[in-house]
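K.L.:
Handing you a structure now.
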Amino acid sequence: MALSMKMRANARVVSGRRVAAVAPRVVPFSSVARPVLRSTFAPEVSIDIRRAGRSRIVVEAVKKSVGDLGKADLEGKRVFVRADLNVPLDKKTLAITDDTRIRAAVPTLKYLLDNGAKVLLTSHLGRPKGGPEDKYRLTPVVARLSELLGKEVKKVDDCIGPSVEQAVASLKSGELLLLENVRFYKEEEKNDPEFAKKLASNADLYVNDAFGTAHRAHASTEGVTKFLKPSVAGFLLQKELDYLDGAVSAPKRPFVAIVGGSKVSSKITVIEKLMEKCDKIIIGGGMIFTFYKARGLKVGSSLVEEDKLELAKNLEAIAKAKGVQLLLPSDVVVADKFDANANTQTVSVEAIPDGWMGLDIGPDSIKTFQDALADAKTVVWNGPMGVFEFPKFAVGTVAIANTLSELTPKGAITIIGGGDSVAAVEQAGVAEKMSHISTGGGASLELLEGKVLPGVAALDEK
């Protein structure tokens, strides 16, 4: 159930997802990155570094992690770290309005600094048009990162060239230098080999901790690995792989996936992939109306992808053939217009009135979905149940969020797979009760789809 264009324009992006503009906040450190030591989704072994009450898992890591490097590997070494510091900034003051991504980078940075490394940190910020723009400089990050690390963060106004070489030459063990926005060079997104070589020229080894851009083959995420060895995953990146890849590869059962959002077309691959592993798939959001129309039901003025009707039929047939329960809502909350203050009514999906549009799932559907989740041991959620940005139509999404928050302490692994569902659990106030909340948007989806992420594939194997 899509946001209006106006609402999208007034929203801001946080950790790969879009949320309504709110006052600046500080996210509890425990909700972001945690060092992950090993990585199989085997419940019989525990990782004690996670918060008490969480399901404990271990995942057999394929890629080498920064945790595999000790003091002997790091002391005095120049370590090029690619993080995701693409934080939202106030348009007028350029003050950071949400520091989640900075906090997520801290465990890796502290580990490197504590082991005597000379850290060269870089990121992208915003969408500069192939050259320096003051509003996209990483300068606002300096003060907050210094505060979180408890030490001075130095900065240079470039990411390659003489000024960087000079700054690196004077860097001491246990110090951090923040390089400028890599996207000030158009060669970054083109994965230009010469640019990658220049980025790598001032370092001895590489750490990628930017999961949000791991699905992009850019110079700072993929190209530099050809010139720096070892090239390893940071703690945040490793944790994302442990949960998102591990959940699909070897889940505790029953395994339930919740897939929401406005369009079937954007979730086709992930639904097909999840059908190979899931016991149940719950479908919500605007995409349900494409399924209903494919069944021959009237959907009023609800969102429908007319060219995906056959696809919806096929997905239901595949689920049946595989013995996977595909659950769609039995009732919906409809509105006479797409507006926060619209007139509403709750109706059966077989009785949607002409001219009305479905914007949330109904109470019967909520109960059905809660029953389906009751015995779940692994849950992956990607996409809201309705237009949760409007309070009238957030009931279904909030109910599902609360249900998952109750499952986690009972031993279930609850994974929020990026995108709007992250904003939804935060809005519901239960983010801290989930096993894992992904910091990636597109990267999360591609990993769940079973795709190879270039930024991960380029890293060294154990």
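Backbone N, Cα and C atoms are what each Cβ position is placed from, and that goes for glycine too.
From Swiss-Prot, here are the annotated features:
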- A83, D84, N86, R101, S123, H124, G126, R127, R183, H215, R216: (2R)-3-phosphoglycerate binding site (BINDING)
- G261, G285, G383, F388: CDP binding site (BINDING)
- G261, G285, F388: ADP binding site (BINDING)
- K263, K267, G286, G358, E389: AMP binding site (BINDING)
- K267, G286, G358, E389, D420, S421: ATP binding site (BINDING)
- D420: Mg(2+) binding site (BINDING)
- 1-61: transit peptide (TRANSIT)
K.L.:
Cβ neighbours within 10 Å, counted over all protein chains: which one of the binding-site residues G261, G285, G286 has the most?
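P.N.:
Answer returned by the neighbour count: G285.
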K.L.:
Counting Cβ atoms within 10 Å of each candidate's own Cβ, which of the binding-site residues R183, K263, K267 comes out highest?
P.N.:
R183
K.L.:
Taking 10 A as the limit, how many CB atoms besides its own sit near the CB of N86 ((2R)-3-phosphoglycerate binding site)?
P.N.:
24
K.L.:
Between R216 ((2R)-3-phosphoglycerate binding site) and D420 (ATP binding site), how far is it from one CA atom to the other, in Å?
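P.N.:
Per the Cα atoms, R216 ((2R)-3-phosphoglycerate binding site) and D420 (ATP binding site) stand 20 Å apart.
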K.L.:
Please report the Cα separation of G286 (AMP binding site) and S123 ((2R)-3-phosphoglycerate binding site) in Å, rounded to an integer.
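P.N.:
Here the two Cα atoms are 34 Å apart.
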K.L.:
Which binding-site residues (G261, K263, G358, G383, F388) fall within 10 Å of D420 (ATP binding site) by Cα distance?
P.N.:
G261, G383, F388
K.L.:
Around the C-beta of G383 (CDP binding site), how many further C-beta atoms are within 10 angstroms, looking at every protein chain?
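P.N.:
That number is 27.
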K.L.:
Across all the protein chains here, work out how many other Cβ atoms are within 10 Å of the Cβ of S421 (ATP binding site).
P.N.:
32
K.L.:
Return the residue, from the listed binding-site residues S123, E389, with the maximum count of other C-beta atoms within 10 angstroms of its C-beta.
P.N.:
S123
K.L.:
Relative to the Cα of G383 (CDP binding site), which of the binding-site residues N86, S123, R183, G358, S421 have a Cα no more than 10 Å away?
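P.N.:
The binding-site residues passing the 10 Å Cα test are S421.
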K.L.:
How big is the AMP site in terms of the longest C-alpha to C-alpha distance among K263, K267, G286, G358, E389, in angstrom?
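P.N.:
If we measure all Cα pairs in K263, K267, G286, G358, E389, the largest is 20 Å.
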K.L.:
Given the binding-site residues A83, N86, S123, which one's Cα is the least distant from that of E389 (AMP binding site)?
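P.N.:
Ranked by Cα distance from E389 (AMP binding site), first place goes to N86.
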K.L.:
Taking the Cβ of R216 ((2R)-3-phosphoglycerate binding site) as the centre, count every other Cβ atom within 10 Å, in any protein chain shown.
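P.N.:
That number is 19.
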